[in-house]
Amino acid sequence: MVDGLLQVEGGRPLNGEITVRGAKNLVPKAMVAALLGTTPSVLHNVPLIRDVDVVSGLLSLHGVSVDYDQAEGVLRLDPSKVESAHMADIDAHAGSSRIPILFCGPLLHRLGEAFIPDLGGCRIGDRPIDFHLDILRGFGAIVDKQPQGIRLTAPDGLHGTVIDLPYPSVGATEQTLLTAVRAEGLTELRGAAVEPEIMDLVDVLQKMGAVISVDTDRTIHVEGVDELVGYNHRALPDRIETASWASAALATHGDVFVHGAHQSDMTTFLNIFRKVGGAFDVREDGIRFYHPGGDLKSIVVETNVHPGFMTDWQQPLVVALTQAEGLSIVHETVYENRFGFTGALRKMGATIQVYRECLGGTACRFGQRNFYHSAVISGPTPLHGADIVVPDLRGGFSHLIAALAAEGTSRVEGVNLIDRGYEHFMSKLAALDANVTRLA
Ligand code: EPZ
């Protein structure tokens, strides 16, 4: 079954104004945090994306009342009647989302048990959950692997612990925060992720009554409290979606104003965008991204955890780099298999070679193993339309950008995947004067 088919007439600049709302990688976590409160929570700037639907469904399954005003972007959550849910229902509801794993801490606090189905998520690497399970065991949970998934219990409740993260994992940091805030005593998390979305989750939990501090050496300290209440919070804007549209403006010689974008979350992206030859104006209510004319310049980029160049920013940028003069190098150090999308770009005329070596930067976890995690892009190469299939969320958006930049017609299959993280992307393309038709 074709999971959404788009026909794109490329070769036209994207020009116009769009709005980006709350971050896909914060909003679902803040929704889960509401489970920890004894009173209702309100979340603002919530986008209409599939991940929000999935988490709303999972929360409702557990007895939380969820009310979403799409137009206003306001989500109201009342967790006063939390109850267990059947494993099969959780599995059916979770879909391809990885979010169920973050329900563990809150459900163990509320009900003494939790269930994780086998997780989905984009196929950009193995996506293990070993850090998560070790962390939950550290808090005193009993982890029981069963055929349909993993069942966790906490007969003696949850107590604070000391965690040394082998890698600054975003999910593992969120797992720790969502469990430690109501655990008995103190928790210390060393080597934590400190992405803007993590700091926004800290703000949410602090509003609920949590006691959390984040040291400059990435150590997070949490003092467990007896009760948390509901929050009222406005989610930070989606810096990944913003960077995706910025890269689209560059690749199509366009001019796009992203209403709602924050400069402070995007410092590293803006530096790279400028060095490649893009231009941007930061305004009160957003950021204007545009191609100022002249040649784009090749560059060496290494992805890293915050405040480095984010792994989710590299796929859209690679499309713009196919139009830059000379050889660009991208060294992906966060996920082992995140250049799958370059196959379609080669089919459209790009010259991209992927390598197992750590190119352009320092040695990373993937250097001495069989992972093609470095790419060299030679440009500029004119792109021509082709039939392409979307591989994952961010790679899929990059395929869309490539089709918009390419001369001629492209048919992009599997675009429904893009709904997971890009709110109203069809109407945004229309607002930017793109010539696209939904065929299925
Ligand atoms: C979050 O994924 C984001 N997803 C990702 O965005 C983002 O790319 C990533 O953080 C890094 O910033 C959401 O927030 C929903 P990680 P997460 O745990 O938490 C390894 C998008 O398109 N690891 O920081 O799953 C893992 O294999 C998505 O919006 C373990 O080894 O990322 C990876 O190499 C894509 N064991 C590295 O850590 C574990 O138990 C980073 O993963 C957990 C992670």
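Using N, Cα and C of the backbone, Cβ positions are placed for all residues, glycine too.
Unlike curated entries, TrEMBL annotations are predicted automatically.
The annotation in TrEMBL ties Arg98, Val334 to UDP-N-acetyl-alpha-D-glucosamine, and of the candidates under consideration, Asp78, Asp89, Asp312, the one tied to the same site is Asp312. Around the Cβ of Val334 (UDP-N-acetyl-alpha-D-glucosamine binding site), a 10 Å sphere holds 24 further Cβ atoms from the protein chains shown. Our reading of the UDP-N-acetyl-alpha-D-glucosamine binding annotation (Arg98, Asp312, Val334) yields a largest Cα to Cα distance of 17 angstrom. Each residue contributes its Cα atom, and for Cys122 (active site, proton donor) and Arg98 (UDP-N-acetyl-alpha-D-glucosamine binding site) these two points are 9 Å apart. Secondary structure from DSSP puts Arg98 (UDP-N-acetyl-alpha-D-glucosamine binding site) in coil. Computed over the domain 'Enolpyruvate transferase' (8-429), the whole-number mean pLDDT of the model equals 95. Between the CA atoms of Val334 (UDP-N-acetyl-alpha-D-glucosamine binding site) and Asn25 (phosphoenolpyruvate binding site) there is a gap of 16 Å.
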